[in-house]
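A.B. asks: From TrEMBL, here are the annotated features:
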| type | residues | note |
| --- | --- | --- |
| DOMAIN | 97-124 | domain 'C2H2-type' |
| DOMAIN | 125-152 | domain 'C2H2-type' |
| DOMAIN | 153-180 | domain 'C2H2-type' |
| DOMAIN | 181-208 | domain 'C2H2-type' |
| DOMAIN | 209-237 | domain 'C2H2-type' |
Amino acid sequence: MYADTHAVGLVVGHQTARGTVCFKRVTRVRLNKSPCGWTWTATLTRRPLQLFYHPQDLVTRILHLLQLYLRSYQRGSAMDFASSFVARQTSSRPRPWSCRICDKAFTHHHDLRNHHRTHTGEKPFQCPVCEMEFIQQTQLSSHLRTHTGDKPYKCVYCHKAFAHGSDLSKHVRIHTGEKPYKCKTCGTAFTQSVSLRNHSRIHSGEKPFVCNICCKAFRDASNLRAHGRAYHTQDKVIEVITVE
């Protein structure tokens, strides 16, 4: 039996001051079998929530999803629901495929095969436009959007579009106010991990970006570039040098 109604998606969302919250990430998960053995699948996507379900199980499943979703939203992030739900579903799965080099284990053989390329350096997927090479097909598909200009990920708040889902996730935090990256030293929170990394250098004193002309060091690349524009424009184009 099959259901394709936005009403289901809205049940697993709720009204806020910003309007109705719905899922925005594409996550396909296979849920546990019902008591009679019927297996069903939920697709959480930017489109309406679609359920393949056993009719006697539907209400129980939706209520369970609703509880998980509201719990996640109340912690400050509606976007965390899908990923946290999938993590709970997959954490207990057996991982029979182990890497012989680093012992990392995987649920599926193709995941192990992709991982193994990080050790061998093999990059079998080549961009037909710029000939850049990638380990996985998904990485190539994502890269191709830089050439095509395709931006399939749209913000539901301001309708700004992005080429990558990760960029959309970062952008949405501007609207939600979510700041998941917190400094362990002073407690200051940030929307992006790179901002926390740059901030942490205030406490550590680390200055890994060095001017190749005068050797002055800076905490982040933007300050180095600003320094180059202010003091070395007549010398030559400044290069970003990172001290390892």
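Yeah, the Cβs are placed from backbone N, Cα and C, and that goes for glycine too.
Owing to the predicted nature of the structure, the values given are computational and were not obtained by experimental measurement.
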A.B. asks: Quick check on the domain 'C2H2-type' (209-237): DSSP residue counts for helix, strand, coil, in that order please.
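C.D. replies: The breakdown for the domain 'C2H2-type' (209-237) reads 11 helix, 5 strand, 13 coil.
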A.B. asks: What is the three-state DSSP composition of the domain 'C2H2-type' (97-124), stated as helix, strand and coil residue counts?
C.D. replies: 12 helix, 4 strand, 12 coil
A.B. asks: According to DSSP, how is the domain 'C2H2-type' (153-180) divided among helix, strand and coil residues?
C.D. replies: 12 helix, 4 strand, 12 coil
A.B. asks: Looking only at residues six or more beyond either end of the domain 'C2H2-type' (97-124), which have a C-beta under 8 A from one in the stretch?
C.D. replies: 90, 133-136
A.B. asks: For the domain 'C2H2-type' (181-208), what does DSSP give as the number of helix, strand and coil residues?
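C.D. replies: Grouping H, G, I as helix and E, B as strand yields 12 helix, 4 strand, 12 coil.
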